[in-house]
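For A:227, the entry in TrEMBL reads active site, cysteine persulfide intermediate. Sequence annotations record features per position, and here TrEMBL assigns heme c 1 binding site to A:82, A:85, A:86, A:119. What TrEMBL records for A:182, A:185, A:186, A:227 is heme c 2 binding site. Annotation comment: TrEMBL describes A:223 as substrate binding site. For A:67-152, A:166-259, the entry in TrEMBL reads domain 'Cytochrome c'. Taken from TrEMBL, the feature signal peptide covers A:1-19.
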């Protein structure tokens, strides 16, 4: 029922896309825009934006509720909860603006999902959560939500520099049978229609996101895999070094845009 | 200037010595790629030696698993809503481009514009991390390319 309504509404919007796109290009998107950088929010259908803005409609908030309970629940052999080390979850304010960060013990970059699992295995002596599990997605949403509205501010100097270069190379390298780079779609053609999808700038600031197409909340790395699959390229594993370095590149690319987790996208 | 350089760049026969051992079935496919010559920004000769079938070409162009042209282009076909607009409208492309020019644009558009988003539909060489299921295979067969070319030649505008 509801999906049908959305489909109809989308059809209405697209039939006037000629005028609509020109209009959105010149529109003032307020906090969803920083200079030329625009959040995926500004390319989403009005119904999708309304769903993101409504805490009762946005499924990301539901996932966050169970994560909030997990925050203070002791787990693992050490008998500790997140709250035992960090206090109130509001102490996570600002964290999402800085990640991925260089992690000395591993000598690599680490994103928030990996930080959460690092705390679980090392501090709590608990099992790490699986990628795309509701637990890991929910906790990632909860941590990132503490920075909601704060501008992304990812550093790429010092030890992060070589990883940034790798992520950048990934972004501009054509791949797959269709031989397209991320930049072909998200830099060269943003604002244009790939069939019925309006290409955004591919910004990561709203992840994990609830995608109507997935009918589920999903991670940024799931999105990377989806974009790789679309061009018939062999994807990498979520949490792989390649995707974490790519995350570093796209997160720095989003510097200045506010953290928008949990977002809703088409 | 650029044109004449293109003319000089005669495509090397594409009979591929694909590294042995990559995906069994794909190798035979790669060896099947027909050699062609680029002359003045066009591939004048049919890849199959025969004219294509425009009706089959329309079906191939629309099929999301084959041409999927509507992802990026408008085509004058009813009941195909929401075409993409990454590339130009093709409604009259059959009068603005010759058959040979259309063939090169389908086979390997990057020979004309190295930065283009238009996929090379008949190419297996120089690609990076192609998914296993598609390794060594062009997006379209020579026959399908010819069919689509024949179809595009019927698009003369209104």
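Cβ coordinates come from backbone N, Cα and C, glycine included.
Just so you know, TrEMBL annotations never went through curation; they're auto-generated.
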In terms of DSSP three-state secondary structure, what is the assignment for residue A:82 (heme c 1 binding site)? helix
Hey, for the heme c 2 site built from A:182, A:185, A:186, A:227, who else sits with CB inside 8 A of the CB center? A:180, A:181, A:183, A:184, A:199, A:202
Say you check the Cα of residue A:82 (heme c 1 binding site) against those of the binding-site residues A:182, A:185, A:186, A:223; which is nearest? A:223
Quick tally, other C-beta within 10 angstroms, A:82, A:119, A:182, A:227; top of the recorded positions is A:82
Given the heme c 1 site residues A:82, A:85, A:86, A:119, which other residues of that chain have a Cβ within 8 Å of the mean position of their Cβ atoms, reported in sequence order? A:80, A:81, A:83, A:84, A:123, A:124
Please give me the CB contact count at 10 A for residue A:186 (heme c 2 binding site), counting all chains in the structure. 19
Secondary-structure category, per DSSP, in which the residue listed as 'active site, cysteine persulfide intermediate' falls: helix
